[in-house]
Amino acid sequence: MNARMIPKCNSLHLGILPLTVLALVFFGVWNLRRVPAGMFGHVLTVALSPCSRKDVLVLTPWLAPIIWEGTFNIDILNEQFRLRNTTIGLTVFAIKKYVVFLKLFLETAEQHFMVGHKVTYYVFTDRPADVPLVPLGTGRKLVVLTVRNYTRWQDVSMHRMEMISHFSERRFLHEVDYLVCADVDMKFSDHVGVEILSALFGTLHPGFYSSSREAFTYERRPQSQAYIPRDEGDFYYAGGFFGGSVLEVHHLTKACHEAMVQDKANGIEAVWHDESHLNKYLLYHKPTKVLSPEYVWDQKMGWPSIMKKLRYVAVPKNHQAIRNR
Ligand code: UDP
Ligand code: MN
């Protein structure tokens, strides 16, 4: 799917606009006592701007919203998720030298990630003593999960699926409603809130959101469980930001882990490791929301004008030094 293929937004025809406003005002005034305080304004605003982005794809062909700045009303969404007392788990891995990324990751998450909601950071690390003490806001806590490391960075990255799956069953299902699974070599630089939450979500990779499917770096060898033929595929999703309900994330991470175990037994490793398997899974289990590249950005891609906000951005790293390969 090409981001330049822009569907026509539904917009109120000018001829019926005055009538619609009249009807809304009449309905609104008549219904005023039944509308919660502060909501009446939204009714008019939302009704008068049914779709505020015409320059980007805002809906997948399977009718999942694609989340861009200007497509949602955060006040309405915050109210919805607060009413349900939603708790969000943010999983992040800081294995070996990657602990150096934790401080900025957590500090910026405190400023931008799910502010006003209940949040549990799950920090997976082999170096619990190196987890920085970052002051947390009310309703927010941090849990350190001590896990093993692997020699190869590819194995560290891939085994995240196994560990998230393992802890989903044993802990997360009983502790949080949603899981957000994130890379640590990143910082939050603008709002990331409940607009992302849905049963299953993935994020458009910043390098491929405007590419056609033939250009996607899917695994192309049929011997791998992550194989996707050239004539299949919707989007290319980033490995560094996905999530959903704990149950859906458990299904996803378990399936990806099992596929990687199978690949290993067959002596093959997918070209982009866990990201290849994530892409395979999301092709056959369509996400219920898709996040725009605002939610995984890399400054190397510049700042195109369709990107109104850069919310979660790669921290430049010297791969050789950090990964200690
Ligand atoms: N990671 C880690 N230690 C390592 C290698 C990777 O903790 O030695 C984790 C970390 O959370 C990182 C993620 O695995 O963000 C994915 O690896 P990386 O960010 O290096 O992959 P890239 O974003 O460059 O594809
Ligand atoms: Mn990364």
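Glycine residues also receive a Cβ, built from the backbone N, Cα and C atoms like all the rest.
Source: prediction; values computed, not measured.
The following features are taken from TrEMBL:
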- GLU275: active site, nucleophile (ACT_SITE)
- PHE93, ALA94, ILE95, TYR98, ASP183, VAL184, ASP185: UDP-N-acetyl-alpha-D-galactosamine binding site (BINDING)
- ASP183, ASP185: Mn(2+) binding site (BINDING)
- 12-30: transmembrane segment (TRANSMEM)
Largest inter-residue Cα distance among PHE93, ALA94, ILE95, TYR98, ASP183, VAL184, ASP185 [record-listed UDP-N-acetyl-alpha-D-galactosamine binders, Å]: 11
Packing count at GLU275 (active site, nucleophile) (other Cβ atoms within 10 Å of its Cβ): 24
Collapsed DSSP category at ASP183 (UDP-N-acetyl-alpha-D-galactosamine binding site): coil
Long-range Cβ environment of ALA94 (UDP-N-acetyl-alpha-D-galactosamine binding site), under 8 Å and at least 6 residues apart: PHE101, LEU102, VAL123, PHE124, THR125, ARG127, ASP130, VAL131, VAL184
DSSP-derived class (H/G/I helix, E/B strand, else coil) of ILE95 (UDP-N-acetyl-alpha-D-galactosamine binding site): coil
Residues within 8 Å of the PHE93, ALA94, ILE95, TYR98, ASP183, VAL184, ASP185 Cβ centre (excluding the UDP-N-acetyl-alpha-D-galactosamine site residues themselves): VAL92, VAL99, PHE101, LEU102
Residues near TYR98 (UDP-N-acetyl-alpha-D-galactosamine binding site) in space but at least six apart in sequence (CB under 8 A): VAL184, ASP185, ILE322
For ASP183 (UDP-N-acetyl-alpha-D-galactosamine binding site), nearby residues of its own chain (Cβ under 8 Å, 6 or more apart in sequence): VAL92, GLY239, GLY240, PHE241
Residues satisfying Cβ distance under 8 Å from ILE95 (UDP-N-acetyl-alpha-D-galactosamine binding site), sequence separation of at least 6: PHE124, THR125, ASP126, ARG127, VAL147, ASN149, TYR150, VAL156
Neighbour tally for PHE93 (UDP-N-acetyl-alpha-D-galactosamine binding site), based on other Cβ positions within 10 Å of its Cβ: 24
Where the C-beta lies under 6 angstroms from ligand 2, the matching recorded positions among ALA94, ILE95, TYR98, VAL184, GLU275: none
The residue listed as 'active site, nucleophile' versus PHE93 (UDP-N-acetyl-alpha-D-galactosamine binding site) - Cα distance in angstrom: 15
Per-residue Cβ crowding (10 Å cut-off), top of binding-site residues VAL184, ASP185: VAL184
